[in-house]
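Taken from TrEMBL as is:
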type	residues	note
DOMAIN	20-451	domain 'Major facilitator superfamily (MFS) profile'
REGION	206-236	region 'Disordered'
REGION	462-490	region 'Disordered'
TRANSMEM	21-45	transmembrane segment
TRANSMEM	61-81	transmembrane segment
TRANSMEM	88-106	transmembrane segment
TRANSMEM	112-139	transmembrane segment
TRANSMEM	146-165	transmembrane segment
TRANSMEM	177-196	transmembrane segment
TRANSMEM	266-287	transmembrane segment
TRANSMEM	299-319	transmembrane segment
TRANSMEM	331-351	transmembrane segment
TRANSMEM	357-379	transmembrane segment
TRANSMEM	391-410	transmembrane segment
TRANSMEM	422-445	transmembrane segment
Amino acid sequence: MSQGEAAGRGTAKPQDQGWAWMVLLAAVVLQGLTLGFPCCIGVFFTDLQHEFQASNSQTSWFPSIMVAVLHGGGPLCSILVKRFGCRFAVMLGGLLSGLGMVSSSFCKSISQLYLTAGLITGLGSCFSFQAGVTVLGFYFVRWRTLANAVASTGVSLGFTLWPLLSQYLLDEMGWRNTFLIFGGILLNCCVCGAIMRPIQLASGSLPQSANPEEEPASRAEEAQLSNGASPHHPTLQQHTKRTKCFHMLQKYLAFDIFCQNKGYQIYTIGVTWMMMGFALPHIYLVPYAIHSGVEERKAALLISIIGFINIFIRPLTGLLSGHRAFTGRRIYLFTLAVLLCGLSNFICVISAEFTVLILYCVILSIAMSGVGALTFQVLMDVVEMDRFSSALGLFTILESITLLIGPPLTGLLVDITSDFHYVFYNSSFFLISAALFMGLSFCALEKKNELREASRARLDNPSRYQYSEKSTEPKAESQSPPAAEYITSI
């Protein structure tokens, strides 16, 4: 049953009021349970190493797989939501997340954790999170921006509470029993999903967006039949399958936008490169602090400090970036936030004293708030909204690849050198280089577009200028597809 059918069978509920606010509360809890959960894995890093006699690189594969699947499973979640609805996807995700962590408590090797906690829990978190965000679009229209901003505070709450709970349970009953309890906690995603009842839209159902995708395939089949081909002819069947497969990829993975839209291309490459270093402090900060002599409870508190500051800074950053003065300029705010993330890592290299690490967490949290609040807003700036969902699919898959390989490669470097400082050197390198690449590229692209507009104006109104150019180059550029231009506003 599709989301549209589910909405049609559901009880009509007024949007932006009543039950919608209960759904928003469920979305806050859901984001804290899913996006906030991976931040606590660093608390178990040292214990897992000792338990399985694993290296830094081997141990870091476990959180890397979890985060990569959490980000990269978007297209699969979209198909699931389209077929069965948001409520089903959220509850299925909660079931998988709980099952993955319960299974993890019985693992006998680090490689088994890759499958249970990494793949199964990561996929379940992906389903619950992305379907939970999607359902807000059905329940909120007028207050949609506010609803998304409030829901994102759940991530900060998760960052604050998960490490503290993890350290307490780890001290009291060990990592295996803690993972077992985590499985029960993550099952609460099913409760959140149960709250998200299907809503009947004003039109009665959602637009059937699948029909346009099926039209090319059906037209090709009709053309073959008109020429006397049998509908069961092997060639026709293969052609129809290829056509459907192509349009499915075009719908969920926007390769055409990537090739034509320079703004989207630059931004996707920059964020993908950035993710090689963005997750490193979250995974290695606690092991680094413990290795440097900081007490385990204090080391776990560092992640909570990052989350606590995020609770207040992230909504403020979202409101500030939403001001019309920053329309078309949010990419530069995002670039500054990424640059600050990279520069802040040098604080850890200078000293590993607990007070210095607190200062590092404060600065990093402020910068992370900017990155978290602006990532999808900038994507909306550079991509037309009617293709946003497919652009988001390719975007999340590419960044999930670097999220997967970044921490293990850095862990391998730490194993070889026995120096945790390389974690922060690596993180700074990827973040700073990504910030410079995106900032300079968008600046050059903006100047190019200004020159293009000036050339068009000169060709349209030659009497306003003392001379006119005979070159045909501006005309050729003016005939380029509109998708190749940098869209500076939503």
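One-based numbering along the chain as shown.
The backbone N, Cα and C atoms fix where each Cβ goes, and this holds for glycine too.
Annotations in TrEMBL come from automatic prediction, not curation.
These numbers come from a predicted model, not from an experiment.
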Handout entry: Annotated stretches the transmembrane segment (177-196) and the transmembrane segment (61-81) touching (3 or more Cβ pairs under 8 Å)
Key = no
Exercise for the section: Determine which recorded stretch among 21-45, 61-81, 299-319, 331-351, 391-410 has the most C-beta pairs below 8 angstroms with the transmembrane segment (266-287). Expected result: 391-410
Handout entry: Contacting positions for the transmembrane segment (146-165) when only residues 6+ beyond its ends and CB under 8 Å are counted
Key = 20, 24, 27-37, 39-40, 42-43, 132-133, 136, 139-140, 286, 300-301, 303-304, 306-308, 310-311, 314-315, 318-319, 372-373
Handout entry: Criterion met for the transmembrane segment (112-139) and the transmembrane segment (61-81) (at least three Cβ pairs under 8 Å)
Key = yes
Completion exercise
Outside the transmembrane segment (357-379), at least 6 residues beyond either end, the same-chain residues with a Cβ under 8 Å of its Cβ set are 152, 155, 264, 267, 271, 278, 281, 285, 289, 294, 302-303, 305-310, 313-318, 321-322, 330-331, 333-334, 336-338, 340-341, 344-345, 347-348, 388, 391-392, 395
Exercise for the section: Please work out the mean pLDDT for the residues of the domain 'Major facilitator superfamily (MFS) profile' (20-451). Expected result: 84
Fill in the blank from the handout: Ranked by Cβ pairs within a distance under 8 Å of the transmembrane segment (299-319), the first of 21-45, 61-81, 88-106, 391-410, 422-445 is 21-45
